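According to Swiss-Prot, the protein carries these features:
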DISULFID  Cys24-Cys39  disulfide bond
DISULFID  Cys32-Cys49  disulfide bond
DISULFID  Cys38-Cys53  disulfide bond
SIGNAL    1-19  signal peptide
Amino acid sequence: MSGTGVLLLTLLLLVTMATSDDACSLLNGDDCGPGELCCTPSGDHQGTCETSCW
């Protein structure tokens with residue numbers, strides 16, 4: 001069961017990364033470039049790379 005969950009999570013992350021260049025995930029740590037922050041909506045681990053979060 002846990003192997004299936006890991007596989008699904010990996011596929012989800014790959015799809016997210018492929019569809020948006022500025023996407024980041026707090027599950028992976030900070031995927032953003034130098035000087036960028038991973039800005040996420042409250043309660044979500046997926047977000048976008050921004051120079052500042054509002």
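First residue shown is number 1, and so on along the chain.
Quick reminder: no glycine exception, Cβ is built from N, Cα and C everywhere.
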(request) Would you mind reading off the Cα separation of Cys32 (disulfide bond) from Cys39 (disulfide bond), to the nearest angstrom? (result) 10
(message) So if I measure Cβ to Cβ from Cys49 (disulfide bond) and keep only same-chain residues at least 6 apart in sequence, which ones fall under 8 Å?
(response) Asp22, Ala23, Cys24, Asp31, Cys32, Gly33, Glu36, Leu37, Cys38, Cys39
(request) With an 8 Å cut-off on Cβ-Cβ distance and a minimum sequence separation of at least 6, pull the same-chain contacts of Cys53 (disulfide bond), or say none. (result) Leu37, Cys39
(message) I'd like to know which of the disulfide-bonded residues Cys24, Cys38 has the most other Cβ atoms within 10 Å of its Cβ.
(response) Cys24
(request) Measure from the Cβ of Cys32 (disulfide bond) and count the other Cβ atoms within 10 Å, all protein chains considered. (result) 18
(request) Return one of helix, strand or coil for Cys38 (disulfide bond), based on DSSP. (result) strand
